[in-house]
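Reading through the structure tokens given below for one structure.
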Amino acid sequence: MARSTTSLFALSLVASAFARVVDYGFDVANGAVAPDGVTRNAVLVNGRFPGPLITANKGDTLKITVRNKLSDPTMRRSTTIHWHGLLQHRTAEEDGPAFVTQCPIPPQESYTYTMPLGEQTGTYWYHSHLSSQYVDGLRGPIVIYDPHDPYRNYYDVDDERTVFTLADWYHTPSEAIIATHDVLKTIPDSGTINGKGKYDPASANTNNTTLENLYTLKVKRGKRYRLRIINASAIASFRFGVQGHKCTIIEADGVLTKPIEVDAFDILAGQRYSCILKADQDPDSYWINAPITNVLNTNVQALLVYEDDKRPTHYPWKPFLTWKISNEIIQYWQHKHGSHGHKGKGHHHKVRAIGGVSGLSSRVKSRASDLSKKAVELAAALVAGEAELDKRQNEDNSTIVLDETKLIALVQPGAPGGSRPADVVVPLDFGLNFANGLWTINNVSYSPPDVPTLLKILTDKDKVDASDFTADEHTYILPKNQVVELHIKGQALGIVHPLHLHGHAFDVVQFGDNAPNYVNPPRRDVVGVTDAGVRIQFRTDNPGPWFLHCHIDWHLEEGFAMVFAEAPEDIKKGSQSVKPDGQWKKLCEKYEKLPEALQ
């Protein structure tokens, strides 16, 4: 990895007035890794899983050159990278989702993403946005530091050691999982923290877990640490906490929040939190716990070790937090699903390689009649089981778990339109189509277009309208500078769906049946949606084609997505127009010449 800036310490002293271009080089290649003790070939950035930490300062411009060296025929060999949470003002072409904002980068080609960061600060991450490729390892953390952070006097340490990348891990390449048509294969084999974990079924002949298999954060008594926690998973949710220590939440998804002290918090795929931990306990070793809470009984752990403890590093004396998933959830995931259908379009194809709907896209087709009869009953059982489990955890351990609805933005709290009605209201009803096994929004299952949405808009010589997009592109045009409210609800089947909107942080003005909150609602870019639904608001002040999708990657593969074409005429011309360079324009002509095996 190449970087043109000085040390993080020096960066923290540089005011935004001295913003610079921060260069990185990404060699995306296949390589063998064993983060949980089981070796497999993966998709790596600079030979690492997770990929290297990207850091910059407020006001800097990130310039990241991606060199595609992928060669393993069992995995996708083209690639794209999405910079999750970066708003991409006037740089929608750099956002990364294949066939929304770009064509993929072919093997043996390179592409440089250039992204002015503007006023953004906080905790973000990057991942492949081509098919299910990030499942195979292409994911890593991003931190944008603020030299004038309002909370700077509340912590002493905030560096690469305190960044925690939580990730589920699969032993089988994602393409092979899709080809099996078996939903059980979408359950991860293990979980990791900063690329370290354990795979421990009793029947497996794998490495025994040792201290070296666990990530270790060393702390000094009396010091305060800003922990930045990222859920870079394909499906897994975690409950994160540090044994014997409280942590004060100050950031959610890149948005500073008013402080909330908790013992633990739930974090869904795509979400991020910062919390301040004070090392105020007896010098010893303590568990950092992050059990997976939604798909399998797996304890994911790291260690917090006091440097003041003069004894050799050892396991904590106290037991670690265990998690018991309800039998109803286990039954949901282990129900016999049978074979999978598809929408009649190949998984690899010319100039449409988000991979969206093949293979897993109908993983529940054969169980349709059975599950449709049981859906309401099952969903109720799942929700009841989870609620009872949360109650038991809180009562037994007196654990204070973050209530997401209580998050308040530190700067400019309040919905964009205040309490007045939104200018545009968009009802979005999602669910599973039992006839074909596809997830839908408003009865449409997303399929990527033959030409990237952004390219379509930029080359349209007439006014962009709905007729420019096919039905299964599921593209909705939004007018500029309006307050938009999305009413998102549907048939969640007892699962919490992490919904992510590109190009915006939004205000969650209502959770389920709770009273609406326009005064100080939570603000973030990933929100969990259940049957009860949510309502979110944002202002259309960032022209571009922005993806809305479930961040359970397998659900995105099954069509749980749509695109908002925001202010399309302003994308083409004016002060907020998007102006891709020559290398971007050449991606599609290079990609469309590839044989299917190299896509």
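The backbone N, Cα and C atoms fix where each Cβ goes, glycine too.
Annotation comment: Swiss-Prot describes His129, His502, His549 as Cu cation 3 binding site. A C-beta separation below 8 Å, combined with a sequence spacing of at least six in one chain, links His502 (Cu cation 3 binding site) to His82, Gln88, Asp95, Pro97, Val100, Trp546, Phe547, Leu548.
Of all Cβ atoms in the shown protein chains, 22 besides its own fall within 10 Å of the Cβ of His497 (Cu cation 4 binding site). The Cu cation 4 binding site feature in Swiss-Prot is assigned to His497, Cys550, His555.
Residues belonging to the domain 'Plastocyanin-like 1' (21-145) score a mean pLDDT of 98 in the model. Taken from Swiss-Prot, the feature domain 'Plastocyanin-like 1' covers 21-145.
The feature N-linked glycosylation site is assigned by Swiss-Prot to Asn207 (among others), with sequence analysis given as support.
Positions annotated as N-linked glycosylation site by Swiss-Prot, on the basis of sequence analysis: Asn208 (among others).
For Asn231 (N-linked glycosylation site), the Cβ neighbour count at a 10 Å cut-off comes to 26, with all displayed protein chains included. Look at Asn231 (N-linked glycosylation site): DSSP puts it in a strand. Feature annotation from Swiss-Prot assigns N-linked glycosylation site to Asn231 (among others).
Positions annotated as N-linked glycosylation site by Swiss-Prot: Asn397 (among others).
If you look up Swiss-Prot, you'll see Asn443 (among others) marked as N-linked glycosylation site. For Asn443 (N-linked glycosylation site), the number of other Cβ atoms no farther than 10 Å from its own Cβ, over all displayed protein chains, is 9.
Residues or ranges marked as signal peptide by Swiss-Prot on the basis of sequence analysis: 1-19.
Mapped onto DSSP classes, the domain 'Plastocyanin-like 1' (21-145) shows 7 helix, 61 strand, 57 coil.
Same-chain neighbours of the Cu cation 3 site beyond His129, His502, His549, judged by a C-beta within 8 angstroms of the site's C-beta center, are, in sequence order, His82, Asp95, Gly96, Pro97, Val100, His500, Phe547, Leu548, Leu556, Ala561. Comparing Cα positions, His549 (Cu cation 3 binding site) lies closest to His555 out of the recorded positions Asn231, Asn443, His555.
Every protein chain considered, the tally of other Cβ atoms within 10 Å of the Cβ of His555 (Cu cation 4 binding site) stands at 23. When Cα-Cα distances from His497 (Cu cation 4 binding site) are compared across the recorded positions His129, Asn231, Asn443, the shortest belongs to Asn231. His129 (Cu cation 3 binding site) is 24 Å away from Asn443 (N-linked glycosylation site) when you measure Cα to Cα.
Note: the Cu cation 4 site is recorded as His497, Cys550, His555; in the same chain, Phe430, Trp439, Ile495, Pro498, Leu499, Val529, His549, His551, Ile552, Leu556, Phe560 also have Cβ atoms within 8 Å of that site's Cβ centroid.
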